[in-house]
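Per TrEMBL, domain 'ZAD' is recorded for 24-100. What TrEMBL lists as Zn(2+) binding site is C26, C29, C73, C76.
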Amino acid sequence: MSEKEGSRTRRVSFVNSKDFDLTDCCRICKCRATAENGIKLRPLFNGRRLTRIIANTVHIEIKDIQGLPRFLCEKCLNILKTFSIFQVDFRRSEEDFKMTIEARRTSQMDALIEFSSAIEMEKQRENDQKSAALVTNFLKKSKKTKSKPKLQNRELSK
């Protein structure tokens, strides 16, 4: 196995796959842990948490298949954690923005409903005032018409 330097990612190619055991390297970047390079490997299948994070973050399902690496190096683990946190933060931000937009829409609708209700109440007051004026006029007219016949009746009886 050899590492190619000069790029942002570590590329490890297998020179001769018969020369070494695949199970003692990182499942993502293929680096091997040796005493000289100081690379530490973490168990990948110690519970379902890491495999679930990988599946949710990069949309690749990793299964525990005999003969394949069962470890993750610290560098890949840190990248995975960072990306997972980034993804969760991004999703939360999107949800917050959507909720804010919805709250604005709801607020605008509430304001429109309140405005509409105020207009309806004003119309109702105007109608009530018109009705009251009509009743008052009717009562005034009916008093005048009732009082005239009494006067006429008094005049006739004299």
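Every residue gets a Cβ built from N, Cα and C, even glycine.
All chains included, 23 other C-beta atoms sit within 10 angstroms of the C-beta of C26 (Zn(2+) binding site). Sequence-distant contacts (6 or more apart, same chain, Cβ under 8 Å) of C73 (Zn(2+) binding site) comprise C26, I28, C29, C31, A33, I39, K40, L41, R42. The binding-site residues examined here are C29, C76; by Cβ neighbour count within 10 Å, the least packed of them is C29. Confidence across the domain 'ZAD' (24-100), taken as the mean pLDDT and rounded to a whole number, stands at 90.
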